[in-house]
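Worksheet for the structure shown next.
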Amino acid sequence: MASSLHYNEFPLEKLPNHHDSDDFMNYSLSNPHPQYAPGSPEERYDRPGSSRSPSDAKAGAAQYRSSSYHYGADDDDRSPVDAVPYVDSHQKQFGYSDLDIDRTPSPFPKDVNDKPDAALVYKAADYGGARPASFQDLHVAEPENRSGLLGDKTPWAQYLSDAKYPLEQRIENKKRGIGRQKHPFVVWILTTIMASVFIYELVVNARAQGSPVSFKPVVNPMLGPSESALINLGARFPPCMKLVEGLPVDTQIACLNDTANPPDQVCSLEDVCGFGGFHNQAPNQWFRFITPVFLHAGFIHIILNMIAQMTASAQIEREMGSGGFFILYMAAGIFGNVLGGNFALVGAPSTGASGAIMGTIAVSFVDLFAHWKYHYRPGRRLAVMLIELLIIVGIGYVPYVDNFAHLGGLLTGFLLGMTFYPIISTTKRHRLIVWSLRLAAIPIVVVLYVVLVRNFYTSDPYAACTWCRYLSCFPSASNNHCQGCVI
């Protein structure tokens, strides 16, 4: 590399008269060539680290003295101004101490070299001659090759290559909240669909009752459609899905356009359930395990759910990828409805994506416990998450919302979160535990699905658990103290 600076970088106002050789001598920190006079052409041409031989230095000095650029018989007339900081036209001082270049004074005449920006000008104004040799040491940094970073891969390829990806980089990405992808595409699509469906709900209720929000015969506490409208649109309602003792097919319930209490407009259960009826067979609208995920009971319900979905659920999708997120989201939402169909009041319709969102929140717990030391203040975060969980459980007691959907989604989220969420393992023991849980999680989910669906269609859930209904029902006169079938 180029030689180091051999002159003190004094402030410009302290620069001595460059014609005063005594003051000029004070600028020299060292004289690496005592055989040359300080500041002489020989000394300039033979700096430490230079590839020139002494004979080359003398020849260069002789050529310098004989050139038209030399303006004095003695080299003491040369100014050392190029070796000190200069001041530009804006009076801002610049120094060269941080630049790894040769500070060899310019061999160009004073009328070029002594301009305010002379240190810049003389480098370009070589008049077609040879540039100072110091320029051969200048380097330009090449752009960093980032083609191998994780963000250039698809989520599925990233999932398969997590073990090969540098552990330190994975830990750093975890601390910074960087996941497998940048945008939560599935969350955006689901949110758009749910908002559109809710608008359709309001339209249906407005056509039936003249108002998008039901205030008669009873007020919907979520500020949304009536109970009959929610059933007709696909809410989870066991009498539409199977034969329920106490609610036969010929049961008369309030029509969608009823606004009186007690109702003066009644329809058969088959008409209210809609979707083409039962076709003279037992009710079997199994799809009501799925459709409630996209329905909401009112403005309050959908606003709360979409806020959670666009924040907590969106972050989970970024971290685990769209594929695994979609599987977990739908599995949690459907299982929540299966669990609620078994143990919630059979005469109470239920809607909402709360179970699916709870599944994604469960993944946040998996992330927190698996990466405890990588999170900022994990204890405080756990406390906040537990408080939020209690609030969600409290909301589950509101009509048309089901705590069993919340609890079922939470359980499924824990199990599938272990399977699809990218967990960082720093030891073989930790990796063995993680993979053991992953291999056990999916069979457990499948068994729970099979057992609960079978129990829903063949058994009496109340006989299996007489107290479970209180997890989603607050006893009152309006619901017969959570006993029997209530509509």
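Using N, Cα and C of the backbone, Cβ positions are placed for all residues, glycine too.
Where the annotation comes from TrEMBL, it is an automatic prediction and has not been curated.
Since we're looking at a predicted model, the values are computed, not measured.
Feature annotation from TrEMBL assigns region 'Disordered' to 1-79.
The compositional bias 'Basic and acidic residues' annotation in TrEMBL covers 11-22.
Look at TrEMBL and you will find 185-203 (among others) tagged as transmembrane segment.
Feature annotation from TrEMBL assigns domain 'Peptidase S54 rhomboid' to 284-421.
Per TrEMBL, the feature transmembrane segment maps to 286-304 (among others).
Annotated transmembrane segment per TrEMBL: 325-346 (among others), in sequence order.
For 352-370 (among others), the entry in TrEMBL reads transmembrane segment.
With a cut-off of 8 Å between Cβ atoms, the residues of this chain six or more beyond the transmembrane segment (382-400) that come close are 220-222, 224, 227, 230, 235, 297-298, 301, 304, 348-352, 354, 358, 361, 364-365, 368, 406, 410, 471-474. The annotation transmembrane segment is assigned in TrEMBL to 382-400 (among others).
Within the chain carrying the transmembrane segment (406-425), a Cβ under 8 angstroms from the stretch's Cβ atoms is held by residues 158-159, 162, 167, 170-171, 174, 179-180, 316, 319-321, 324-325, 327-328, 331-333, 335-340, 354-363, 365-367, 370-371, 374, 389, 392-393, 396, 431, 434, 437-438, 441-442, 444-445, 448, 471, all 6 or more beyond its ends. Per TrEMBL, the feature transmembrane segment maps to 406-425 (among others).
Long-range Cβ contacts of the transmembrane segment (432-452) within its own chain (Cβ-Cβ under 8 Å, at least 6 residues beyond either end) map to 331, 335, 338-339, 342, 370, 411-412, 415-416, 418-419, 423, 425. Per TrEMBL, transmembrane segment is recorded for 432-452 (among others).
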Other parts of the chain folded back onto the transmembrane segment (185-203), taken as Cβ under 8 Å at six or more residues beyond its ends: 212-213, 224-225, 229-230, 233, 294-296, 302, 305-306, 309-310, 313-314, 317, 322, 325-326, 329, 353
Residue numbers, six or more beyond the limits of the transmembrane segment (352-370), whose CB comes under 8 Å of its CB atoms: 190, 194, 292-297, 301, 305, 308-309, 312-313, 316-317, 319-320, 325, 328-333, 335-337, 340, 378, 381-382, 385, 388-389, 392, 395-396, 400-402, 405-414, 416-418, 421, 423-424, 434
The domain 'Peptidase S54 rhomboid' (284-421), counted residue by residue under DSSP: helix, strand, coil: 108 helix, 1 strand, 29 coil
Mean per-residue pLDDT computed across the domain 'Peptidase S54 rhomboid' (284-421): 93
